[in-house]
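Student: Handing you this structure, nothing more for now.
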Amino acid sequence: MQIKTFALSAAIAQVATLALADTSANYWQSFTSQINPKNISIPSIEQTSSIDPTQECAYYTPDASLFTFNASEWPSIWEVATTNGMNESAEFLSVYNSIDWTKAPNISVRTLDANGNLDTTGYNTATDPDCWWTATTCTSPKISDINDDISKCPEPETWGLTYDDGPNCSHNAFYDYLQEQKLKASMFYIGSNVVDWPYGAMRGVVDGHHIASHTWSHPQMTTKTNQEVLAEFYYTQKAIKLATGLTPRYWRPPYGDIDDRVRWIASQLGLTAVIWNLDTDDWSAGVTTTVEAVEQSYSDYIAMGTNGTFANSGNIVLTHEINTTMSLAVENLPKIISAYKQVIDVATCYNISHPYFEDYEWTNVLNGTKSSATASGSATSASASGGATTAAAHIQASTSGAMSVLPNLALISAFIATLLF
């Protein structure tokens, strides 16, 4: 029955992907890109080949045959996505006006308290009318026609490998290590980082990672107006398409801050949220907490791979692609691989065959990651561990320096029935 349960979850995920395809006049088809995602050739320059952060993070002008960025057509980098007049541009207004805003949930824009934290004062956490994750960690919307957030991998003893905030200019050693270990992750890219470091985004696709959206400027999304929320989504989608030739169907809210208003707006662009059920808090190491505390979180979560915690389903773990966290990831990945049967990206763990709007089929498979990434025999295991140590040392230096078709519902029902019975 466990196999059937997973198969059902995967089937539902695939159906949901298809069901959200025809939204807002297929806005993504208006995006342009000079990139063929099935055949990307990244220029060999110091920034793409070096593992010295100083060289990696030196500004470069992208090859015009691959990536052309006209600043007048984009929001200001790292500012809310309606800046630079984008909320008044014909391009954005075309998408905004294609949405029937009378159907949007009547949920107020959230505010911050004096300390800059989301103010949950007065919110009814018992009834949680808005499915506000920040207040209650709710992942099942209270309104219809919106997908549930994805928050865990359905397959038992599975580590859902995800990294936020990329592409980071100093990620070469980290991506090299993932490639050596044949590990694929869900990479949640920030639009501003994509246009700053387009070759980094291209590498994510070349290496076979699942690319998803993490907004344009990394705001607390429930504090933004409807226009601002839509713009954060829209321009991140446009940026990822420009740099990679692909438009994601999945996104992750910064800080996990999402409610049914934000979900509804995301759904108008065919986007489904991916949350997590374990948080390493890795970004805070040496900032608001100690490195030792983050290492303990890793150790606790690694132990869960063998102590029965995930005997019936897996996890999705929040980690980050930033200067202070990539070395922690590399140090812990060999132990994660040893403790879990699967270490895989979200698209694979949910058996999502088309994680992008374009005709680009996902071919990563269950059980493929660990068998190829885990050493068989003590000698090879030692080699894998050594590789982790070497990569971590390099990364540590940076801390100091398609056409979519709606499914036939009768066929879907019949298929799910065969899984259940």
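Numbering starts at 1 and runs along the chain as displayed.
From the backbone N, Cα and C atoms, a Cβ is placed for every residue, glycine too.
Since the structure is predicted, the reported quantities are computational estimates derived from the model, not experimental observations.
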Student: HIS214, HIS218 bind Co(2+) in Swiss-Prot, but which of ASP165, ASP259, ASP260, ASP279 does that record place at the same site?
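Tutor: Given HIS214, HIS218 bind Co(2+) in Swiss-Prot, the matching entry from ASP165, ASP259, ASP260, ASP279 is ASP165.
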Student: Among the recorded positions ASN87, ASN106, ASN307, HIS320, ASN351, whose Cα is within 10 A of the Cα of ASP165 (Co(2+) binding site)?
Tutor: HIS320
Student: Is HIS320 (active site, proton donor) helix, strand or coil when read with DSSP?
Tutor: strand
Student: Given the Co(2+) site residues ASP165, HIS214, HIS218, which other residues of that chain have a Cβ within 8 Å of the mean position of their Cβ atoms, reported in sequence order?
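Tutor: Checked against the 8 Å cutoff, the neighbours are ASP164, GLY166, PHE188, TYR189, ILE190, ASN193, THR215, ARG252, PRO254.
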Student: Please report the distance from the Cα of ASN70 (N-linked glycosylation site) to the Cα of ASP164 (active site, proton acceptor), rounded to the nearest angstrom.
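Tutor: Cα-Cα, rounded: 26 Å.
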Student: List the recorded positions among ASN87, ASN106, ASP164, ASN307, ASN323 whose C-alpha is within 10 Å of the C-alpha of HIS214 (Co(2+) binding site), in sequence order, or say none.
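Tutor: Among ASN87, ASN106, ASP164, ASN307, ASN323, the ones whose Cα sits within 10 Å of that of HIS214 (Co(2+) binding site) are ASP164.
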Student: Can you tell me whether DSSP puts ASN106 (N-linked glycosylation site) in helix, strand or coil?
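Tutor: Assignment for ASN106 (N-linked glycosylation site) reads coil.
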Student: Between the Cα atoms of ASN106 (N-linked glycosylation site) and HIS320 (active site, proton donor), find the distance and write it as a whole number of Å.
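Tutor: For ASN106 (N-linked glycosylation site) versus HIS320 (active site, proton donor), the Cα atoms are 33 Å apart.
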